[in-house]
Amino acid sequence: MAGDDLVFSVNGEKFEVLSVNPSTTLLEFLRSNTPFKSVKLSCGEGGCGACIVILSKYDPVLDKVEEYSINSCLTLLCSINECSITTSEGLGNTEKGFHPIHKRFAGFHASQCGFCTPGMCISLYSALSNAHNSKNSHSSPEYLSASAAEKSIAGNLCRCTGYRPIADACKSFAADVDIEDLGLNSFWRKGESREEMLKKLPPYNPDKDLVTFPDFLKEKIKRQHNVLDQTRYHWSTPVSVAELQQILAITNPGGDRGLMKIVVGNTGTGYYKEEKQYGRYIDISHIPEMSMIKKDDRGIEIGAVVTISKVIDALMEESTSAYVFKKIGIHMEKVANHFIRNSGSIGGNLVMAQSKNFPSDITTLLLAADASVNMINAGRHEKLRMGEFLVSPPIINTKTVLLKVHIPIWATSSTTGLLFETYRAAPRPIGSALPYLNAAFLAVVSQDASSRGIMVDKCRLAFGSFGGYHSIRAREVEDFLTDKLLSRSVLYEAVRLLKGIIVPSIDTSYAEYKKSLAVGFLFDFLYPLIESCSWDLERKHVDGHVDPTISLPLLSSAQQVLESKEFHPVGEAVIKFGAELQASGEAVYVDDIPSLPNCLHGAFIYSTKPLARIKSVGFKGNVAPIGVLAVITYKDIPQVGHNIGYISMFGTGLLFADEVTICAGQIIALVVADTQKHANLAAKLAVVEYDLRNIETPVLSVEDAVKRSSLFEVPPEYYPEPVGDISKGMAEADRKIRSVELRLGSQYFFYMETQTALALPDEDNYIVVYSATQSPEYTQSVIATCLGIPDHSVRVITRRLGGGFGGKAIKSMPVATACALAAQKLQRPVRIYVNRKTDMIMAGGRHPMKITYSVGFTSDGKLTALELTLFIDAGIDVDVSPMLPQNIMNSLKKYDWGALSFDIKVCKTNLPSRTSLRAPGEVQGSYIAESIIENVASSLNMDVDVVRRINLHTYESLRKFYKQVAGEPDEYTLPLLWDKLEISADFKRRAESIKQFNLSNVWRKRGISRVPIIHQVMNRPTPGIVSILSDGSVVVEIAGIEMGQGLLTKVQQMVAYGLGLIKAEGSQDLLERIRLIQTDTLSIVQSSYTAGSTTSENCCEAVRLCCGILVERLKPTMNRILENARSVTWDTLIQEANAQSVDLSARTFYKPESSSSEYLNYGVGASEVEVDLVTGRTEIIRSDIIYDCGKSLNPAVDLGQIEGAFVQGIGFFMYEEYTTDENGLINEEGTWDYKIPTIDTIPKQFNVQILNSGHHKNRILSSKASGEPPLLVAASVHCATRSAIKEARKQYLSWNHNNGDRGDGSDPGFELPIPAIMPVVKQLCGLESVEKYLESKTSP
């Protein structure tokens, strides 16, 4: 029968789609067929929150609207038939006014680059909507708790802010928040009363500010529920199991469904990326029998298409007396993130686990609770227990359909106790991360009458995600424990048995760690029963490691900062330029620029070999995939052009591999197709044939590079100078530590917006390129050189970036160049939006390095000499690597080493070329210094904080190490910061209380560490243009690129200040009348690049000079008017100046004086952490930072930079693994395996203080940089973790000693690798800590 059209609404607007490919996602449609661009593509796998929208469904029977957030990148367009979609623009916008969420995000300074902000706003909106619609007895409607407000953004990633201001914006809507706890904002000033504060917040009224379901759609649904036309959409929507069976039977009588796909939420494609093209989709979410939830006295029955969120709600209902259900519900809240749980079904999760070995938590929970599943095949029903289901043949792509799940109620008698506990060790505590291992244990226990001990009457022990094929039960351990009286020796035997059962597959990483987790979880479950001889349902044992309801930390806010009125409005916490536009999603990024009708799309084919001859590039069967128009290689570069992909101050690099590819990840070709989806798919399907004959062995390590003299030359001016006499320094040392080796890994940028460009060919061999780049002028030169045309024929335009962090300085150039080459060759617009996996493979990231050092020091901890050998892995291209030696040494010199000598080699390897990532070299140098100090303190058995203080510079030693860059004595504020932080962070008292904590806690250890930083920066020549238009409004052009650092805001403030000096009426309030426009290489020249933390101040100085020129030009006109009037308004002055043909546009080129172009930044940070010895998880309890900003140009912007840099540093030191395989190809592919910090992994208490230090006349209005230096302070978290591990190792050694170990009981010392991820921390604390502890308790 003929069906109906696909009809839905977006932001209240009706959309009717007459035919569409069924694999089209909602995100693809929104971005290419609607004007709404707030939904962003960032990861494309449901792991970042940039693309989320609100989905509303109307039920005509109940006359009720259901509303929740979903991922538009995974949701299929056909599945939203008759639904309403709301994006951030739909909440509010420039035209109809911004929503209170947008206003509060702006006012709390919670948006930096802005790419993630619309998704954050939708997440918060979803929480507000849920609170309003919640009819739970325990929470009244319209009540949002502070904890729920914070949790609302737990699935959203942000790389800029460090999350604290976002948390504040969210909590401002909470009913139970103490408003005085909220951080710096533009609504109130510190010291105002609560009433005043509340009054000044943009008001939120649920009745007005929540979106309503469109009437036209309601009426349509009431008339009749439409079913899509199967022939036009290739989409079936069965409404009964019988109809589903019929469809399956007709489609493929042979039993194999072939290219047909059953879908509910389609969230599985986030994990299992699709390359197949399905001929038909069957949406089973409308089948009533599969959507029901039924409860009775035997248990709960859940239909297979019920979403995980609804399963959680059903299990957690107040009326549910079943304790097991609640525990399962609590655990399920940690699965994925809220928007995946809102659309992913329980059946989908189980089928992926059963058929594809997906590492599921849910199967483990259900296995422990003895759940069963119902399936149907060709009319035949089958019921299987969960364990049987998991080992039966895969049901995916067969005619078998999972119908429902049944979880039984577990009842106990008056004499027995029921215990049920679930466990999960994952990089993030509350979701958005697959576990290293999960477990669920159920036990029925009773009291033994004679011994008063605890008997195990029955138990079920389930484990999953450990690298086996599916969740399993440890039956041998269950059998062993059943009918046993629990004791330490029984538990010890159980643990030993368990280790033989948890056997990860051969290719599983951290196999021993996973075994250790299984042991730790079983111990945690049973040991309290042995200790207390009783059972406690709430399991509140003090030193256990699992809190059953981990609620999010309520983050305390940053301290307020001093605002200065001296240079009004410079120095004030002005809201970021365009913040509300970013929140509503109206801010335009490169990929938001609408495509022209004939626009093509590109995707890269990259090498998978480190060194090989390329024989051919093509596709399987020599048939080009659908939509492909061209494959561009080096052969397509014009004869007058060059194969060039980037220019840096140290050299150039190739755009494409030529006959030979020289590293894995190198660009071989660009596929050009009619859509981005087709281009990406074609690039995946490409076949590159390699020839390895007569090819020398690639260089894949720094050691090999040094051995083979494969090195990049470092120009003498970039090679640092040694300090002092090293042999004299070593001779003065009482003690020496020799030849210690350290290795530091890499880090990926994880900007939310991946590399992107749009090229538009124009007349006369001229081309316009919109590029997300930090270096427009360099990009222009590269494109011109590649195409063989003059620079003036290439116009590169950049408005803003969705994050950069150095990754879009060099690495953006080949993307823009390839785009321009394709556009020029095909004479059509071409755009590239690099997918996350390809971006990660090509990005290069931070420089890995190997360090060997010898250090001399006296017995009281004073350093006398340091000798270093550094091998830096630069990868295949020179990029900016030769600047690394100087950067490393500049930050390593923060301590007085006495004498310092080094041998630094920049190694050329056949690995992806590394590039600058926020504080390149500086973060490594600063950390190397801390690692050495830690070792020195350890060898002397001294408090490391004391050793740090002893070796802080005096002003004299600072001059010795930094020469004239040290500045004047009063500029050296580091000792002052050190002492101030000691008081404000209550450092000494807390250090003492941590000692007490560690003595009284066996399974948790704490550490605290205080770290100083010195970070050298340099001002650069920078142009600026300021023009006053005829109506008195002002337009400004600068060389810097806004990428979240608040550059435009500071410049806007500086222009308002500079023009305000004319003192005309109204000139003091020019801020709102100043517009900054995009950077255009044919308008502003000599623009260099945006990097190194000083672009904001350089641009500010350039426009200040412009304003000075304009004020001087306006003064004669002003004086003439004042001869006949008492005052003059700004508008009158400008009208008159125009009439007199005064030049109202000024361009300057700021050149810093050589004496003051470089200066030092100072900061101190202290962090306290707690390490869980069972899992190796590190929790940051508190971080305090004090940072010298000089006189801050905008304290709100600088505060955001400090917090954001610090949290990015936490990522480097604690979470982010960016590794390569044996060919040098990057292993990590996206959000599933690359974990940047989230709101649940940042410090619980986060206090940041900006020191507005004295007047430095050589600085730009006495300001200092804030973008990169604070990242170095994050080493305090790593050092505190090291301190906690040290305590754990002491304890472990004492257990060993008690067990008769003949060692001397001293710790041989250790290095804590970077990143200090859970398996690494656990290994250093002791993988066998549980066994050793039990042995120590059972040994005589």
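A Cβ is built for glycine as well, from the same backbone N, Cα and C atoms used for every other residue.
Copied over from TrEMBL, here are the features:
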{"type": "ACT_SITE", "residues": "E1268", "note": "active site, proton acceptor"}
{"type": "BINDING", "residues": "C43, C48, C51, C73", "note": "[2Fe-2S] cluster 1 binding site"}
{"type": "BINDING", "residues": "C113, C116, C158, C160", "note": "[2Fe-2S] cluster 2 binding site"}
{"type": "BINDING", "residues": "S345, I346, G347, G348, N349, D361, L402, R424", "note": "FAD binding site"}
{"type": "BINDING", "residues": "Q774, F805, R918, G1092", "note": "Mo-molybdopterin binding site"}
{"type": "DOMAIN", "residues": "4-91", "note": "domain '2Fe-2S ferredoxin-type'"}
{"type": "DOMAIN", "residues": "228-412", "note": "domain 'FAD-binding PCMH-type'"}
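On the structure: features taken from TrEMBL.
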residue: C43; record: [2Fe-2S] cluster 1 binding site; contacts (Cβ under 8 Å, 6+ apart): A50, C73, L157, R836, G1230, T1231
residue: C51; record: [2Fe-2S] cluster 1 binding site; contacts (Cβ under 8 Å, 6+ apart): L27, V39, K40, L41, S42, N71, S72, C73, G119
residue: S345; record: FAD binding site; contacts (Cβ under 8 Å, 6+ apart): V264, G265, S285, A304, V305, V306, T307, I308
residue: I346; record: FAD binding site; contacts (Cβ under 8 Å, 6+ apart): I302, A304, V306, T307, I308, V311, I362, V405
residue: G347; record: FAD binding site; contacts (Cβ under 8 Å, 6+ apart): V264, M290, G303, A304, V305, V306, L402, V405
residue: G348; record: FAD binding site; contacts (Cβ under 8 Å, 6+ apart): V264, G265, T267, G268, A304
residue: N349; record: FAD binding site; contacts (Cβ under 8 Å, 6+ apart): I308, V335, F358, S360, I362, T363
residue: D361; record: FAD binding site; contacts (Cβ under 8 Å, 6+ apart): H331, M332, K334, V335, R424, P435, N438, G464, S465
residue: E1268; record: active site, proton acceptor; contacts (Cβ under 8 Å, 6+ apart): R918, A919, E922, H1015, V1017, G1092, S1093, A1205
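Cα-Cα distance from C48 ([2Fe-2S] cluster 1 binding site) to F805 (Mo-molybdopterin binding site): 18 Å (rounded to the nearest whole number). With respect to their backbone Cα atoms, Q774 (Mo-molybdopterin binding site) and C160 ([2Fe-2S] cluster 2 binding site) stand 16 Å from each other.
Cβ-based crowding with a 10 Å cutoff singles out C48 as the top-ranked of the binding-site residues C48, C73.
Residues C113, C116, C158, C160 make up the record's [2Fe-2S] cluster 2 site, and a Cβ search at 8 Å around their centroid adds S111, Q112, G114, F115, T117, L157, R159, T161, M752, G802, G803, G1044 from the same chain. Within 8 Å of the Cβ centroid of the Mo-molybdopterin site, not counting the listed residues Q774, F805, R918, G1092, the chain contributes G804, G806, G807, A809, S916, L917, M1043, T1090, A1091, S1093, G1267, E1268. The Cβ of L402 has fewer other Cβ atoms within 10 Å than any other of the binding-site residues C116, C158, C160, L402. Note: C113 ([2Fe-2S] cluster 2 binding site) has non-local neighbours R159, C160, Y751, M752, E753, R800, L801, G802, G803, G804, M1043, G1044, i.e. same-chain residues 6+ apart with C-beta under 8 A of its own C-beta. Counting only the Cα atoms, the space from C116 ([2Fe-2S] cluster 2 binding site) to F805 (Mo-molybdopterin binding site) is about 15 angstrom. For the pair F805 (Mo-molybdopterin binding site) and C158 ([2Fe-2S] cluster 2 binding site), the Cα-Cα distance reads 13 Å.
Neighbour counts of Cβ atoms within 10 Å were compared across the binding-site residues R424, R918; the minimum falls on R918. The binding residues for FAD are recorded as S345, I346, G347, G348, N349, D361, L402, R424; their greatest pairwise CA distance is 26 Å. Sitting within 8 Å of the Cβ centre of C43, C48, C51, C73, and not among those site residues for [2Fe-2S] cluster 1, are the Cβ atoms of L27, K40, L41, S42, G44, E45, G46, G47, G49, A50, I52, N71, T1231. In this entry, Mo-molybdopterin is bound by Q774, F805, R918, G1092, whose most widely separated C-alpha atoms sit 13 angstrom apart.
A count of other CB atoms within 10 A of each Cβ picks out F805 as the most crowded of the binding-site residues F805, G1092. Of all Cβ atoms in the protein chains displayed, 28 besides its own lie within 10 Å of the Cβ of Q774 (Mo-molybdopterin binding site).
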